[in-house]
Ligand SMILES: Nc1ncnc2c1ncn2[C@@H]1O[C@H](COP(=O)(O)OP(=O)(O)OP(=O)(O)O)[C@@H](O)[C@H]1O
Ligand SMILES: [Mn+2]
C-alpha cells in the first residue's frame, strides 16, 4: 500500500515538473515573439503604431535622464533650477538633431556633463559633418566673393613709410604726425612688420569695410584687447553713460564699457529704450553678429576682467574719476564716475572684490586723421514717452526718404536696411545716429557704433525696428542670400554665434535664450522680405549687388561685385538659396561725387 502511494507521488511530481518546463518554454517563446514584433514595426510602416518613429536611443536616454532615472541625472537634478531644465530641453532637441556638432561652451559644466553622457552612447547617430560651423560659414562662397580693387581714394589712410615712431609720451599728438595727417610708423626696417595690430586695423579700413574677411590681425587684436597691459585710463566724455578710454602698452586706444547687468537679467518691458542700461555683452555680441552677417562695420570688441584698483584707479590721471572710488559695505571696490546718466552712488559699479568685467572696443582712427560724419537715422525714435516719430505715423514715409538726399542715390538706403536687420536681430531700438567716414563721401558703408542697448529682451521681438524694411521693401541680394544661408541647419545663426562668442575670454557672452531669439528673428526678417517680394516682385525688392555672372572682366567699382561663380558654387554645395534673374537689374545711380546731406543740420563733422 505504502509502496503504491510513493509511486503515485513520484509520477505526480514528474508531471508537475513537465508542466512547469512547458509553461516556462511557452512564456519565453511569447516574449521572443513580442520583441521580434517590436523590432519589425518601425520598418513595416503600417498599422497604427507603425507610423510612430522610435525615439532614437540618445533621445530616449535624454528623456530618461530628465525623468531622473539614471544616477548621473539624479545628481544633475539635485542642482536643477528652472534654467537648467530649459537647457536640458534644448539638449533634448539637440540630441535628436544629428547634424549638430558636439560643441560645448566650456563654462557650462552641467550642460557639458549631460552632453558627455549622451555622446558616450554607442548607438548615437553620426553627425552629417564634423568640425566647426563657423569655419564652414566663412568658407562658403558667399563669404569669399572677390572684393573690389582698391584705389588710393578707397583707402582711409595713407601711410608714410619713411617716418619713424618716437614715442615721447602716450599723448595722441606724439604718435600722429599732425601736419601731414599720416601715421608715424614704429621704428624698424620693414615697417609693415612692426606696426602694432591696432594700426594694421586702421590701415585696412576702406570705402567698403572696417576690416577684410579672413584678416588675421583682427584675431590678434581681439587677443590684445583682452590681455594687453593697460597703461592709461580716462573717462570718455560725451554720450550718456559712464565709459572709459584706455590706452594699451602698444599705444592702442580702447573704449571700455563696464558691466552693469548680469547676463540673466532681461530688460523689463516697462522700461523705455532710452532709459535702458547699456550692456557690455551687447557690445561684444554685436561685433560677432556683424561679422557673421559679413557686414564688418563694427570695430573689434572683446570682453575683459579688469582690476579696478591696479588697472583703473592707480593709473588714472582723471581726478574726477578717482574721487568717485569707494569701498562698499560688502567690501567691494566701487566707483561711479562723472556722466549725465547713472553716474551716482546709487548706480555705482562694484567689482568682486575688485575685478570688474567690461567690453573693450578697438578705437577707430583719431578724428584728426579721418573725420567722420554723424547722420541722423531717418527711422530714429522720438526719445519721448508720448511722442511718435514721423515714420510711425506716415505709412508712406519711405517714399519721402527715397526722395531726400543722400537716400535718393547710390546704396545709402540699402545700407540703412542692413543696419535695420542687424538691429532687429539684436533688439536694438537705440539707433538714433550712425556715422560714416567723410573721405568716402556718400558712397560707403555705415559704421555701427554704440550697440550697448541690444540683447535686452530675448522673449520679445520688437517688430517696429524692422520698419525700414517693411516700409521700403528693399534689400541687397548679398544680405538676403546670407540671411537665407544662416537660416539653414548647416549654418544656423544661433550655432555660429555661439561658436564665435565662445572664443571670447568672458564666454558665455549671451545666455541661450538670446541665441535662440536670433533664429526666431531671422525667420521674421526672411518672412518680411518674402512678403515684399510676393507683393512687389523680386525685381523691385532685391537689389542685385552681387553683379553679373560668368564673363565679367571689368575691375570692380562697387561693393561686392565680381561674384561670378556664386550661384554655381551654391548649387554645388546644394544649399537652397533663392536665385534671382539677372535681367531685372535696375540701373543704379553712380556716386554723385559730393556729400549731399539729408538736411544740412542732419550731419555734423565729429570734431
Ligand atoms: N570704437 C570707437 N572708436 C572711436 N570712437 C568711438 C568708438 N565707439 C564710440 N565712439 C565714439 O564715442 C561716442 C560715444 O560712444 P557711445 O555712443 O557708444 O556712447 P553712449 O554713452 O552710448 O552714447 P549715447 O548716449 O549718445 O548713445 C560715439 O558717438 C562715437 O563717436
Ligand atoms: Mn548709447
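Glycine is no exception: its Cβ is also placed from the backbone N, Cα and C atoms.
Given the structure is predicted, the values throughout are model-derived calculations rather than measurements.
Listed by TrEMBL as binding ATP are 241, 257, 278, 361, 362, 363, 364, 450; the candidate from 346, 435, 462 that the record includes in that site is 435. Within 10 Å of the C-beta of residue 278 (ATP binding site) we count 25 further C-beta atoms, all protein chains included. Counting other Cβ atoms within 10 Å of each Cβ, the lowest count among the recorded positions 430, 450 belongs to 430. The Cβ of residue 241 (ATP binding site) has 19 other Cβ atoms within 10 Å, all protein chains considered. Cβ neighbour density within 10 Å is lowest for 364 among the binding-site residues 362, 364. Secondary structure from DSSP puts residue 241 (ATP binding site) in coil.
With respect to residue 430 (active site), the closest of these binding-site residues in Cα terms is 241, chosen from 241, 362, 364. In this structure, residue 362 (ATP binding site) is part of a beta strand by DSSP.
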